[in-house]
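A quick write-up on the structure given underneath.
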Amino acid sequence: MSQLPSLPPNAGDALDIPFPLSTTVGALELGVLVAIFLSGVLTVQLYIYFDRFPKDPTSLKVMVALVWILDFGHTLALGHFIYTITVVQYGQPALLAIPPKSLDVSILLSGFIGPLEQGWFTYRLYRFTKTLPLPVICAGLSLLRLGGSTALFAYTLKEPTIQEYATHLNWLIEAVVIVGAAVDAILATALCYYLSFWRTGFRRTNKLLNQLMTWTIETGAVTTTGALALLLTFLTMKDNCAASTYESYSDQVEQILVVYLGLFCLMAKLFSNSLLFSLNARERFARICAEVISVAGFELGHEAVNLVSPCSPVAVLQGKKMAAAPSSTHPHH
């Protein structure tokens, strides 16, 4: 058995009164179980993706596989983390002062999963708008988030206590979460903004646009809401953590280790599932687009729908502009 980490000075004396397991370690365990469930959902989505879209570009398939591999590693790290604090360190709550290395690994892997998802949605925005400024801004912010997550992991190599981690790096934790939420919000808002310009006199086409915008908002809202919940949790508890000492260490564990980290471990799952959900939803929206195109008399091949982006029906709306002129004399049914 590996040697247990050393404790902060007098940490054991400060925990003579044990904290309630149901609201501390129990809550954290629940968060890990939800994360494992979402990892299972991602695996199902992975199977659906490769079954439905065998002709997708190799680069896209590699990215999807990489996201799943990172997510699987993230799940293993969380499993090792919860096993260590509930079995290996059973009856020694003071050891929660320094979390296992597996938690640090999960933070690093989460830092890679988020930018991959955001990078793909940024590419989707570029393919739709054909302009660089906004996609470049989103890509830059996403890289900043990756750098911040890497810096957080690097700091954990010093084996800091949770109090030291939250006290000295609270600004970086806030920045990582804020940047992640900002990128998702910008991507969803920008796409809805550009989609609004494609409204026409066709009622069914406008209905499709409304569905696309609703779907885009919902997809971005999942990760944005999760990031905001994480940020609000941290901001609410930051002052208590900064002012805490080892004499109030049980409060610190309940407020930071359980609630904040419990939510943080779910963020990677939200990112990965959001990406696969968007890719797999193309088939359903392709059918809706085909129906609208048939009614409006526009021409566009189905292959273009499958390969463009997670929001590939946008390609239909772009193709419509090119095909509208000949459609009046050569309608297709």
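Glycine is no exception: its Cβ is also placed from the backbone N, Cα and C atoms.
Please treat TrEMBL annotations as automatic predictions, because they have not gone through curation.
Copied over from TrEMBL:
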| type | residues | note |
| --- | --- | --- |
| TRANSMEM | 30-50 | transmembrane segment |
| TRANSMEM | 62-85 | transmembrane segment |
| TRANSMEM | 105-123 | transmembrane segment |
| TRANSMEM | 135-157 | transmembrane segment |
| TRANSMEM | 169-195 | transmembrane segment |
| DOMAIN | 181-283 | domain 'DUF6534' |
| TRANSMEM | 215-237 | transmembrane segment |
| TRANSMEM | 257-277 | transmembrane segment |
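Mean model confidence for the domain 'DUF6534' (181-283) is a pLDDT of 71. Here the listed stretches are 30-50, 62-85, 105-123, 135-157, 215-237, and the one with the most C-beta pairs under 8 angstroms to the transmembrane segment (169-195) is 215-237. Using a Cβ-Cβ cut-off under 8 Å and counting only residues 6 or more beyond its ends in the same chain, the transmembrane segment (135-157) has close neighbours at 101, 103-105, 107-108, 110-112, 114-115, 118-119, 121-123, 125-126, 129, 165, 168-169, 172-173, 175-176, 179-180, 182-183, 186-187. Note on the transmembrane segment (105-123): residues 63, 66-67, 70-71, 73-74, 77-78, 81, 135, 138-139, 142-143, 145-146, 148-150, 152-153, 156, 176, 180, 183-184, 187, 220, 223, 264-265, 267-268, 271-272, 274-275, 278, 309-310 of its chain, located 6 or more positions outside it, place their CB under 8 angstroms from a CB of the stretch.
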